[in-house]
Each structure stands twice: as structure tokens, then as C-alpha cells.
């Protein structure tokens with residue numbers, strides 16, 4: 001007898017308050033990296049009705065107009081006009097930026113290994129903080145990602161496209177989706193059990209119209225018909241009305257959608273957010289490296305699913321630990337996999353930066369619709385170019 005179990009993940013649109021904040025922080029980061037690839041950036045944003053506040057620590061040789069970057073980002077999302085209660089042209093923008101603490105900088109610029117006489121240039125940069133980071137991959141989708149989070153992201157991308165192209169003219173920027181997938185006893189997805197989708201809208205449209213348009217033009221356009229059946233539940237704007245949204249409805253803050261950003265709850269999370277941080281911050285760069293490792297392990301068919309943990313001490317280049325968990329799906333031992341990871345992937349911060357070319361302005365595009373499993377943009381940690389090296393390791 002097969003065992004039925006359900007798993008749910010969610011995503012939010014680029015117009016969600018927390019995602020506005022993420023995009024502003026990463027837009028500032030990208031603009032700095034265009035002019036100074038070695039910029040040290042920790043940029044946090046909060047948004048509310050008519051107001052944006054940008055704070056943080058930035059050390060750079062570049063000058064950028066932060067106000068201009070903020071306003072352009074907001075307008076690009078679609079917040080143009082006073083009826084939204086938040087308008088990129090007229091909102092207030094407060095900026096309070098300090099330099100990176102010299103106490104932190106001395107450990108990042110001059111790692112413990114360098115101070116102890118190690119001459120390898122990739123030892124020079126120490127981790128920007130202590131912490132633990134996870135990466136994950138599974139063979140249940142082509143992207144080697146969990147199905148619930150991928151469907152949730154695709155629903156949000158689809159509704160944004162229909163809004164921006166004016167196919168559905170009453171849509172406003174804020175939206176959320178949640179998808180529940182049924183799995184069989186072999187952990188394979190077999191059907192979609194429930195879809196929840198809430199979208200901000202103009203005041204003069206009926207709930208019936210929204211429901212019809214969302215089901216026909218969004219859900220059925222994204223989710224394969226083979227995964228939908230007569231028992232699939234659709235909850236479309238279940239409160240009945242969603243006119244007030246975006247920062248007018250809820251304050252937004254950088255780094256508050258870390259599960260949306262990663263694996264939708266299917267994997268563990270170390271707690272560190274990504275947006276607004278340059279690559280010396282291992283919260284970001286080591287999470288990308290862990291995904292890169294996990295994806296290559298699954299692509300090499302060394303496991304059906306895998307989770308990788310990396311942990312660091314502040315000011316130290318080498319990770320304090322590396323862990324590989326295949327959940328019993330591995331074709332080789334986890335001990336051997338860990339050895340392979342340590343040999344093939346350089347997990348020192350400078351090694352990760354070089355391996356994934358992370359000094360480029362590539363981050364704003366990750367600040368909505370997920371950092372992993374993306375096929376609409378080219379991200380270096382999504383490459384599977386280490387498959388051959390992994391397979392060669394196990395031939396010896």
C-alpha cells in the first residue's frame with residue numbers, strides 16, 4: 001500500500017514588500033561592484049508607506065547615487081503612481097551608511113592563515129563571519145530542485161509577466177503563491193494537491209473574474225496538466241479582497257524571505273540571508289558553493305538527493321567543517337563524497353569567489369524568484385561542470 005504525504009512551499013512576487021527590500025539592497029550592491037569589484041557591502045533596506053530606509057556598512061572606492069538606484073528599482077518593479085501608497089518617484093529615501101568595522105576588516109583582509117605565515121594567495125581572505133550554510137539538490141525536477149518551490153516561483157514569474165505586459169490589466173505588483181505537492185512512498189511527486197495564490201488588484205474587479213483569470217492564465221499555464229486533477233484545490237485571493245498591498249499593506253525588510261530564496265523548506269537553512277552582501281560574506285557565497293556542490297553530485301548520479309553543510313569561523317579561510325548527507329540515496333559512501341568535495345571544490349572564501357566569479361554585478365537578478373534552480377538567468381553556481389571531476393574521483 002502506497003503512503004501519501006504532502007509537502008508545501010511558497011514564493012512571493014517582486015512586488016512583495018520584503019522582496020522590494022531585497023532588490024533594492026542587491027541593486028545597490030551591483031552598482032557598487034560595477035565600479036569597484038572589491039567593494040565590501042552589507043546593505044539593509046526597509047520599506048513602508050511612502051518611505052525607504054537604507055542602512056548598513058560599505059567600504060568602497062566607488063561613488064554611486066543610492067537615491068537614484070533605489071527609485072529606479074522601485075519603478076522597475078511597477079510601483080509608479082500614488083494609488084499604490086508607494087511610488088518610486090515620490091517616496092522619501094533615507095540613507096545611513098557607515099564603513100565596514102575595522103575589527104571585522106582585519107580578519108577578512110588578513111586571515112588567520114596569512115597571519116600564521118601561509119603564502120597561498122587564496123588563504124588571504126578570511127570568512128566575513130562565523131556561520132553555517134546549506135546547499136541542496138534533488139532529481140525530482142530538471143533543475144534538480146524540489147518541485148513545490150519551483151512551481152511556486154514559476155507562478156509568481158507568470159503573474160508578473162501578465163501584469164507587466166498588461167494582459168491582465170487590473171493586476172498590481174504584490175502577490176504570493178503556495179503549492180502543495182503529493183509524494184508517493186518513494187518520495188516522487190505524483191500530483192499537485194493545493195494551490196494558493198493571492199494577488200493584489202485594482203478595486204473595481206470582481207473576485208470571480210480574478211479567480212477565473214488566475215486559474216486559466218496563470219495556474220494552468222504553469223503547472224503541467226498531468227499534475228492537476230478534479231481533486232486539486234484552488235484558493236484564489238481567499239480573503240476576498242487584496243487592493244491594499246506592497247509596502248502600504250506591510251513593512252518590508254531585507255533578508256526576511258530566506259526560505260523562498262532557497263529550497264522552500266525542503267532543506268535546512270543556516271539562518272543567514274543573501275541580499276545586500278558581497279561575496280566575502282559566507283552567508284551568501286558559501287550557500288552558493290554548497291548548492292553548486294550538491295547540484296553536481298546529483299547531476300553525476302552519485303545521489304538522488306543530497307544536502308551539503310559548510311561552516312566557518314570569522315577571520316579563518318578554511319571551513320571548520322564540511323558535511324554531505326545523501327539521505328540513503330547515495331551510490332558511494334558519504335565519507336568518500338566528503339573527501340571528493342574537499343579535493344575538487346575550494347571552499348575558502350577567496351577560492352569560492354574565484355571558482356564562481358563572484359565579484360561581478362550579478363545579484364539583483366537573484367533577489368526575486370529564487371537564487372537556485374533558475375533557468376531564465378545564467379548563474380555560475382547552477383553549472384554542472386564538476387560532474388566529470390566527481391566521477392573521475394570515484395574511478396580511482
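Positions of Cβ are set from backbone N, Cα and C atoms, glycine also.
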Annotated companion of 174, 175, 176, 241, 242, 250, 256, 257, 273, 277 at the ATP site, Swiss-Prot, chosen from 5, 16: 16
Additional site residue, 57, 142, 143 [criterion: listed by Swiss-Prot with 100, 250, 281 for L-methionine]: 57
Integer Å distance between the CA atoms belonging to residue 175 (ATP binding site) and residue 44 (K(+) binding site): 22
Rounded distance in angstrom between the Cα atoms of residue 250 (ATP binding site) and residue 18 (Mg(2+) binding site): 9
Candidates 18, 44, 250: member of the binding-site residues with the richest Cβ shell (10 Å): 18
C-alpha spacing of residue 241 (ATP binding site) relative to residue 281 (L-methionine binding site), in angstrom: 41
Cα-nearest neighbour of residue 100 (L-methionine binding site) within the listed binding-site residues, 16, 18, 241, 257, 277: 277
Where residue 18 (Mg(2+) binding site) falls in three-state DSSP terms: helix
